[in-house]
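Asks: My structure is below; once you've seen it, I'll send some questions.
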Amino acid sequence: MKFFLLFLVVLPIMGVLGKKNGYAVDSKGKAPECFLSNYCNNECTKVHYADKGYCCLLSCYCFGLNDDKKVLEISDTTKKYCDFTIIN
């Protein structure tokens, strides 16, 4: 019974924390190109419904995308670089 109650408490939290980061792609499989972070923030939040976005390596990198959104496959090094850059 305790396990079941714990499961009911943890399940909604996992849904909230289940967001991902990456280059969101359109229907053609292309990530938006950019030079300015403000453009990417608008693109990510209004078009892809992410929490925020910025320009990383000339493409819009979005934070807080829903799990059902498609993202561009990138190397772990690029992902770590873009994740690290926004923190600092």
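Any Cβ shown, glycine's included, is placed from N, Cα and C.
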Asks: Among Cys56, Cys60, Cys62, which cysteine does Swiss-Prot link to Cys82 through a disulfide?
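Replies: Cross-referencing Swiss-Prot, the cysteine bonded to Cys82 turns out to be Cys56.
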Asks: Looking at the disulfide bonds in Swiss-Prot, identify which of Cys44, Cys55 pairs up with Cys62.
Replies: Cys44
Asks: Kindly report the helix/strand/coil residue split of the domain 'LCN-type CS-alpha/beta' (20-83) according to DSSP, in that order.
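Replies: Counts, helix then strand then coil: 19 helix, 18 strand, 27 coil.
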Asks: Within 10 Å of the Cβ of Cys55 (disulfide bond), how many other Cβ atoms can you find? Include all protein chains, please.
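Replies: Its Cβ has 21 other Cβ atoms within 10 Å.
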Asks: Just give me the nearest neighbour of Cys55 (disulfide bond) among the disulfide-bonded residues Cys40, Cys44, Cys62, Cys82, Cα to Cα.
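Replies: It is Cys40, whose Cα lies nearest.
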Asks: Cβ-Cβ under 8 Å from Cys34 (disulfide bond), same chain, 6 or more residues apart: which ones?
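Replies: In sequence order, the residues whose Cβ lies under 8 Å from that of Cys34 (disulfide bond) (at least 6 apart) are Cys40, Glu43, Cys55, Leu58, Ser59, Cys60.
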Asks: Write down the Cα-Cα distance for Cys62 (disulfide bond) and Cys56 (disulfide bond), rounded and given in Å.
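Replies: With the alpha carbons as reference points, the distance is 9 Å.
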